[in-house]
Amino acid sequence: MAYHSAYGVHGSKHRTRAAPDPPPLFDDTSGGYSSQLGGYPAPGADVAFSVNNLLGDPVANIAMAYGTSIASQGKDIVHKELHRFVSVNKLKYFFAVDTAYVAKKLGLLVFPYTHQNWKMQYSHDVPLPPRKDLNAPDLYIPTMAFITYVLLAGMALGIQQRFSPEVLGLCASTALVWVFMEVLALLLGLYLATVRSELSTFHLLAYSGYKYVGMILSVLTGLLFGSDGYYVALAWTSSALMYFIVRSLRTAASGPDSMGGPAPRQRLQLYLTLGAAAFQPLIIYWLTFHLVR
């Protein structure tokens, strides 16, 4: 009995001496900082710590304020330079249109022969916007007509199995280049002839851009009725545009208080107007004849 009891006591003491647990492979960092590595913050704690340091650092605040000031100054400089070359208010004037004006102006471009009053309307020596004056030039119709011409050219090239992005890009760039060259030629002619005119670059760009309407009608008629229809539409739209350009430029160039000028200058202005009008059919034909076969 003594043996068994001694054995039992000895056995129980032996069982209570368990081997120590092996050290963990990774430290538990879920509670914030590790007690063994002294070290690393809990997830999100480093972000909060850095944000608090940034907000509390006066040097960082000064740097942020300085960067904001530089960005604001740069924005002001860009706006100033933009207004220096392009007047946003003047540009808004040429896009002040409505649906009624667009419909009437398109009818005037196609059939201008019955229109009687070609003078622009003024209020306190300030021209009325296009939506209030049918004779006022606009840039909305030329812009939309140019986009429509590019899309119609792509469709025409696709019908003829000649479409490619390069060819379409060439058509669009050529149409823009011709308009810009025409405007530059008119500005140069007015400068060399020393003709006093109320026409700005935007006015000339608008009048020059109206040719896209005739180009669209010519190409569309050619696609529907062949080359014969194209030449008939080309002749009609060209003559209508020439008449419109002559009547519009002669009245718009004088301004509201014009009392006439020297006869030589009036003749030079007339020659420039007639030259610009006579040039329109050539440009329309050059930009559209390859789209109709």
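These residue numbers are counts, starting from 1, taken along the chain as shown.
Every residue gets a Cβ built from N, Cα and C, even glycine.
Annotated in TrEMBL:
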type	residues	note
REGION	1-27	region 'Disordered'
TRANSMEM	139-161	transmembrane segment
TRANSMEM	167-192	transmembrane segment
TRANSMEM	204-224	transmembrane segment
TRANSMEM	230-249	transmembrane segment
TRANSMEM	270-288	transmembrane segment
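Here the listed stretches are 139-161, 204-224, 230-249, and the one with the most C-beta pairs under 8 angstroms to the transmembrane segment (270-288) is 230-249.
Long-range contacts of the transmembrane segment (139-161) within the same chain, counting only residues at least 6 positions beyond its ends with a Cβ under 8 Å from a Cβ of the stretch, are 91, 94-95, 97, 102, 105-106, 109, 130, 167-168, 171-172, 175-176, 202, 205-206, 208-210, 212-213, 215-216, 219-220, 223, 291-293.
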